[in-house]
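Copied over from TrEMBL:
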- 298-313: compositional bias 'Pro residues' (COMPBIAS)
- 321-332: compositional bias 'Low complexity' (COMPBIAS)
- 1-59: domain 'Ig-like' (DOMAIN)
- 78-179: domain 'Fibronectin type-III' (DOMAIN)
- 180-278: domain 'Fibronectin type-III' (DOMAIN)
- 290-348: region 'Disordered' (REGION)
């Protein structure tokens, strides 16, 4: 069986129906009990327990070792008053209430919910439907539209160690809060460098936008700035931003509210957009490439590289014309700048 006990207290476990002075051996999860404890006959007493003491405790009668009992020990706390909020995002169909515990109990805890039309001549509890997805949420249908009576909601948290309740009272007009607008899209307008076209849909959870119209609140700013700009719109799901900074990325969000009652929704999911940007004009240009270092071809190549050039003619004048031969110096190749001709010096 399961035994629930309070945190930080002492816990006594008894070995089934054995006499209090019977000799037994205790195990937890199949091993010896190592936590701070003492044994009194067939009883096991744990001292100042915490969550580490959770486990399956078994007792065995001596001397034959027959198991006489098993106890699933669970340590926790009694609940404190839950936090309760109610909201109508489907006005005028109904509303929902949600709750949570600020301090966990560490053991299973249930919640009882009752809803009454407060001060009504017929204060009959309204039908409460638990949410199939959110375990700490319930749904309630409005018994009438534009009720003149407030509603009182009581939520009681209950577990094996205790219970605690919270009660709130409200008028229906004060809990109306639509869900955020959906499918927000921001589009640049061709050839308009300071405009963005923003469109969105009313929240799909709002039952009848024709009979209960919504108004919208648009905010936008460039990413380079922290200050928002705002526009309030009546019964419209589109707006053109005309004062955007050219070429700057913008972040845009939209909220919704019933035209007459309630509060603004949360902001929609943020979208990003940049106004239209003209394509930069291509400007043709050329660059002159510097000549590369290398060998220069001989303007009069020897047709037969294996033959020596012919000797000078005997008919030539006795005056010898010096031959110009390139000489490498620290300022010549390979040290001179590419494209500069080598310096020539005469050779006898």
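Cβ from N, Cα, C; glycine included.
In terms of DSSP helix, strand and coil, the domain 'Fibronectin type-III' (78-179) has 3 helix, 47 strand, 52 coil. Averaged over the domain 'Fibronectin type-III' (78-179), the predicted model reaches a pLDDT of 94. In the domain 'Fibronectin type-III' (180-278), the DSSP tally of helix, strand and coil residues is 0 helix, 44 strand, 55 coil.
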